[in-house]
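Pulled from TrEMBL:
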type	residues	note
DOMAIN	89-208	domain 'Palmitoyltransferase DHHC'
TRANSMEM	12-31	transmembrane segment
TRANSMEM	43-65	transmembrane segment
TRANSMEM	138-159	transmembrane segment
TRANSMEM	179-212	transmembrane segment
Amino acid sequence: MGLRIHFVVDPHGWCCMGLIVFVWLYNIVIIPKIVLFPHYEEGHIPGILIIIFYGIAIFCLVALVRASITDPGRLPENPKIPHGEREFWELCNKCNLMRPKRSHHCSRCGHCVRRMDHHCPWINNCVGEDNHWLFLQLCFYTELLTCYALMFSFCHYYYFLPLKKRNLDLFVVRHELAIMRLAAFMGITMLVGITGLFYTQLIGIITVSTFLISRPRKPWQQTFSEVFGTRWKILWFIPFRQRQPLRVPYHFANHV
């Protein structure tokens, strides 16, 4: 999709990302197998709900993969500094390379990243200028998918009519209660964690700050447009597109 592939060699990050993929796979298999498809076959829910579930799951996975492998904004060893903007650059005291003032050196990755927010082990990558928008989409769709799964788990036991056709020979049917309890535990844990992270990210963008740098406040529409690379708000929710940086003056983008 026009993005540079970027891999971070970090076993800890691989384990964290593997755990996220496991939770995603667990819920994408269990919830439809136990709840969605049986209730759809007996006419308790419309098929559009299953399509929405898988649609959210696909958007979530695409955002996860792209946030993980997209170059977050790694600075080259010999960056070309535009004429007239040298005063907005500084020397990194760790890698001894020139960088824009809103960049930060990641000790885990070993290089500087433009507009770095933080290094996230859950995507095994830094969150910087070129993948921050994907990280926000990942938080949003993970929270949406988790709420969706927890809602159907609750309705399965307390709202939907009891299932008439149940194949007790299937493992997931015989151990349904234990499997659903595990899914609910993972879902609630994921929801609590991702809600706090997503809230922190949104507040940081609205106030034009990151975990590392704080700046004076700008209009929220402008800051979100700069992060997502477009002023079309509908495109803020699409993880399949290619981000194009907005054409704003360097001084305005970094100091206003």
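Each residue, glycine too, has its Cβ placed from N, Cα and C.
TrEMBL does not curate its annotations; it predicts them automatically.
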Counting each residue once, how many in the domain 'Palmitoyltransferase DHHC' (89-208) are helix, strand and coil under DSSP? 62 helix, 18 strand, 40 coil
Within the domain 'Palmitoyltransferase DHHC' (89-208) only, compute the mean pLDDT. 88
